[in-house]
């Protein structure tokens, strides 16, 4: 099977995506698939005489990509392309994807995760991993997804949606501390915990650099967990223990982080079972399929969903691979099961 691992793009999570993509490519090759990584935005330069199908015959191996400390803006990334064009799909990308039997989406954030790339693939009858275009857009939009959660009686934090016209000194219905985050962001980029009006104003200024729409949530004190769902099966939860601060971009992706991951977590069986049930319920409510990850906070008042991730990270430090490992599933088997699980869904649609 020829598999194009689509990574990169031009979101602020580009570096994380390239790390996920390189590891996925290596894993699929180790399972015998003809896999190659394609940079969505920078494209692929064909060699003389090379066809689109030949791209998958390359013997080159993908090396693990180091995640940089710096977060690139969209303008920074556009400068990386030397042909002067700014369209999302780089040179030769779409024809290569059409030549593939399957596309493994290793994209994170922006148009790679909000359903737009998925819609292009749907229109071109290209099979891909993860949720469809509508569910991807819903899951990426924190405000809409939280409204759907509340409608389905899934506990989540109180929140307000702000726009630039609301200014940086809004009147909110809940007290400090609060959490400020871009509505359609990921990897905790632009996210901060604020304790007073001055910090709120400064955080809103920063968050508006990444999104025109901002979510401000009540801060819920509790233990933080993450739980993946693969092909309808909930993985063991993993507890995230941060000793210095909170689980931000640096703690998620930098190897020097002091963050501890505990799996299986030391929690009561009924709480663990409840998180598994709510994770599956949340994905079903949002229309998500194939695989995803749901993040939680728990305390004496219950289990609260922070958010659902429709294309969770697959880097060496990412949560879903650690959860799968705790369930006895190797990284290589996890990648293969995602492809085969989505293929099964496509086959069922034909019946």
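Here, residue 1 is simply the first one shown, and the rest follow in order.
The backbone N, Cα and C atoms fix where each Cβ goes, and this holds for glycine too.
Taken verbatim from Swiss-Prot:
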- 173-226: ATP binding site (BINDING)
- 295, 307: Mg(2+) 1 binding site (BINDING)
- 307, 309: Mg(2+) 2 binding site (BINDING)
- 146-340: domain 'ATP-grasp' (DOMAIN)
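Recorded features from Swiss-Prot, shown on the structure.
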residue	record	Cβ contacts under 8 Å, 6 or more apart
173	ATP binding site	158, 160
180	ATP binding site	191, 192, 193, 194, 200, 203, 204, 207, 214, 215, 216
201	ATP binding site	168, 169
208	ATP binding site	164, 214
222	ATP binding site	297, 298, 299, 304
295	Mg(2+) 1 binding site	224, 225, 226, 227, 305, 306, 307, 308, 309
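Taking all protein chains in view, 19 other C-beta atoms sit within 10 angstroms of the C-beta of residue 194 (ATP binding site).
Note on the domain 'ATP-grasp' (146-340): mean pLDDT across this stretch is 87. Cβ contacts within 10 Å of residue 215 (ATP binding site), excluding its own Cβ and spanning all protein chains shown: 24. Following the DSSP three-state reduction, the secondary structure of residue 201 (ATP binding site) is helix.
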